[in-house]
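*Asks:* Please see the structure below; I have some questions.
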Amino acid sequence: MSEQIYNRESFLTSLAQNLGRSTPKTVERPTWKHQPQWQILKNASQDELVTVFKKQCETIHTDVIETESDQLADVIHERVKSYNGKSISAWKDERFHQYDIFSKTDATIHKWDPRMKDNVAQTESADIGITFCDLALAESGTIVLFSNENQGRSVSLLPTTYIALVPKSLIVPRMSQATRKIHLLMKEGEFPATCVNFISGPSNSADIEMNLVVGMHGPIRTTYVVISNL
Amino acid sequence: MPMRIGTTTFNDRIEKGINDEFMRDSVRSAQERLLGKRLDAAEELGSWEDWRNLGEEIRSHTLEYLDYYLYELSEKVKENGGHVYFAKTAEEANHYIQKVVKRKNGKKIIKSKSMVTEEISMNEALESIGCDVIESDLGEYILQVDDHDPPSHIVVPALHKNKSQIRDVFKEKLGYLNTDKPEELTLFAREKLRKEFLSADIGITGCNFAVAESGTITLVTNEGNARLATTLPKTQITVMGMERIVPTWEELDVMISLLSRSAVGQKLTTYVTALSGPKSPLEGDGPEEFHLVIVDNGRSNIIGTEFQEALHCIRCAACINVCPVYRHVGGHGYGSIYPGPIGAVISPLLGGYEEYGELPFASTLCAACTDACPVKIPLHELLNKHRKNIIEGRGLSAEKIAMRGFQYGTTLPILYQVGTKLAPFLSLPFQTNSFLTKGPGPLKAWTTIRDMPAPNNERFRDWFKKRQKEESFE
């Protein structure tokens, strides 16, 4: 299949006919008359954003721990112990080394490595997945992850427990700021990732009699560690 | 399954729905819960009307230039290294998907929830070439295991089933041994399905919104199944209704904010996953091959007509969750995979009046749906336009339509049902004692000058006959 686009011309021509014109060469995206999204948490300070973020995490069944970078090793050690985690899968991220994050835990560590073939299998058998985040959204208690060769999609998905490390400076008011950033990167030809995930807490389902069950296909437990000096 | 569900008549379906106490209880409580959550979410957000206006503005603009944005989307998907197939019909879409699956020698296919693949009967098409197609959304999985029971709600597909029924299905079909606790049932499904995800050859997803500027498709779930279906299998096929697109990431934000709040009352669903083509060669997970199938299947016939706004729909089901008719007959009553007010608007548009001409009459025109719609589709007006079309199709002059409609309603079996079986429920808001004092639609003119007996104790048709008889003696 070397061809990449099939049947486009006939499809779009008949669509244009129904629209009563030919397909325009360019379309100016209008300035929307209503833009309520920019009013939310408009002048909030970084501290206020952390407060909103933490509050929202209560409703999405996610624990939040606030700490500083020099305490990270202790925090991770404690958390992993409390989850009874024996093995960890983590992104390949120099910050893990920089802040000695795994120096105190006894769990075995699998680092995502693009040269290895068994990343997915290792991650699937790990008890806990740990990643940094690329952005975080205060309003919805969301972390944003950009996937790339060092940042596997599976790490935040396959293990039953997931821990996200959230540098405080990366928290923005809501999704609008994140999508605008991606939009602007796009325009500069620097699209951030083949896969962008917005994650708000552990997976869940209410498909049986509308009863919320936390833990469906993705992680069953989630902790966010907010790092206040980063 | 195709868009049409069940083989029974509208009468029988409604009869069945109205007599199904469990289903009606669960629909009632689901409606109340979802409505409550949606209203809370809207109130919390503040300026909900501004949000709706923005949603409407974005959808109108996008549909007005749909050809342009689809062109841009396909160019970008190509740049990202993916394939795009424009399918005019369900058959074309299925044929292409079969071709990709055969070429990849795909046997096991894992799916995340998608209405459009139901609409085009994709599962059947793949099963016919020997594939094992597994639904991974918990609700869809339950229905599939239960010999393909049709969905009854577009967001909560197994709403009509209780936990003991689900336990029995799992027990009988899958050897499940535990209790009917939702936690245990869910865990069982998780473990079963995780194995399927890990061994599937191909992942097939729907698409909540495509982003034209970057060739991205986005998937919104709470369960995480769409993430698994696009992380583990080597080939990804995404099927989208051609109208499910936004110009840029900035509009994606708005539409997802509206969808999450309107569908489930969440600020964002647990996962919003945005995928732009196949993985890069160095990445260790994600699909190596990506195919986007853009489906028309009757949608372009709606473009440029008085029904164009129906294509603004973002499939949140807010209209379904406030509909008094849905409340009483349940999803299966509509005989379409698209139930409720939006289903009564689009099922006839996609499937024709012959098949679905009854549905626009299964409405009280109370307009609760229009008020609930996050992108301000005037649903009750579109239902009324359908009614008008259907009646005018009988060659009636304009001034007679209202009363002819009334007569038509009382003589056609469908409205016999609405008029007699549903009336005790539907007329409540209009009723004082046992008389209708401010009747809806054609009744309005009548009841402003005289009261009409409420149809509680007497079937409408019987009353009407008696009345005609009385009149003939006058």
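Here the Cβ of each residue, glycine as well, is placed from N, Cα and C on the backbone.
The [4Fe-4S] cluster 1 binding site annotation in TrEMBL covers B:Cys313, B:Cys316, B:Cys319, B:Cys373. According to TrEMBL, the [4Fe-4S] cluster 2 binding site annotation covers B:Cys323, B:Cys366, B:Cys369. The annotation domain '4Fe-4S ferredoxin-type' is assigned in TrEMBL to B:303-325.
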*Asks:* Apart from B:Cys323, B:Cys366, B:Cys369, which residues in this chain have a Cβ no more than 8 Å from the mean position of the Cβ atoms of those residues at the [4Fe-4S] cluster 2 site?
*Replies:* B:Cys319, B:Val322, B:Pro324, B:Val325, B:Tyr326, B:Pro341, B:Ser363, B:Thr364, B:Ala367, B:Ala368, B:Thr370, B:Ala372, B:Leu379, B:His380
*Asks:* Setting B:Cys313, B:Cys316, B:Cys319, B:Cys373 aside, what same-chain residues sit with their Cβ within 8 Å of the center of the Cβ atoms that define the [4Fe-4S] cluster 1 site, listed in sequence order?
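*Replies:* Output for this site, in sequence order: B:Ser262, B:Ile314, B:Arg315, B:Ala317, B:Ala318, B:Pro341, B:Ile342, B:Cys369, B:Ala372, B:Pro374, B:Val375, B:Ile377, B:Leu379.
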*Asks:* Measuring Cα to Cα, how many angstrom lie between B:Cys316 ([4Fe-4S] cluster 1 binding site) and B:Cys369 ([4Fe-4S] cluster 2 binding site)?
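*Replies:* Answer for this pair: 12 Å between alpha carbons.
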*Asks:* Near the Cβ of B:Cys316 ([4Fe-4S] cluster 1 binding site), how many other Cβ atoms are there if near means within 10 Å?
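*Replies:* Total other Cβ atoms inside 10 Å, all chains included: 26.
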*Asks:* 10 Å Cβ neighbour count around B:Cys366 ([4Fe-4S] cluster 2 binding site)?
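*Replies:* If we count other Cβ atoms within 10 Å of B:Cys366 ([4Fe-4S] cluster 2 binding site), we arrive at 18.
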*Asks:* Can you tell me how far the Cα of B:Cys313 ([4Fe-4S] cluster 1 binding site) sits from the Cα of B:Cys323 ([4Fe-4S] cluster 2 binding site), in Å?
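*Replies:* Rounded to the nearest whole number, the Cα-Cα distance is 16 Å.
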*Asks:* Please report the DSSP secondary structure of B:Cys369 ([4Fe-4S] cluster 2 binding site), reduced to three states.
*Replies:* helix
*Asks:* Quick one: give me the count of other CB atoms within 10 A of the CB of B:Cys369 ([4Fe-4S] cluster 2 binding site).
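*Replies:* Other Cβ atoms found within 10 Å: 29.
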*Asks:* What are the DSSP helix/strand/coil residue counts across the domain '4Fe-4S ferredoxin-type' (B:303-325)?
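*Replies:* The domain '4Fe-4S ferredoxin-type' (B:303-325) comes out at 12 helix, 0 strand, 11 coil.
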*Asks:* Provide, as an integer number of angstrom, the distance between the C-alpha atoms of B:Cys373 ([4Fe-4S] cluster 1 binding site) and B:Cys323 ([4Fe-4S] cluster 2 binding site).
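*Replies:* Spelling it out, the Cα of B:Cys373 ([4Fe-4S] cluster 1 binding site) and the Cα of B:Cys323 ([4Fe-4S] cluster 2 binding site) are 12 Å apart.
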*Asks:* What average pLDDT is reported by the model for the domain '4Fe-4S ferredoxin-type' (B:303-325)?
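*Replies:* It averages 95.
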*Asks:* Excluding near sequence neighbours, so keeping only residues 6 or more apart in the same chain, what lies with its CB under 8 A of B:Cys319 ([4Fe-4S] cluster 1 binding site)?
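*Replies:* B:Gly340, B:Pro341, B:Ile342, B:Ala368, B:Cys369, B:Thr370, B:Ala372, B:Cys373, B:Leu379 - these are the non-local Cβ neighbours of B:Cys319 ([4Fe-4S] cluster 1 binding site), listed in sequence order.
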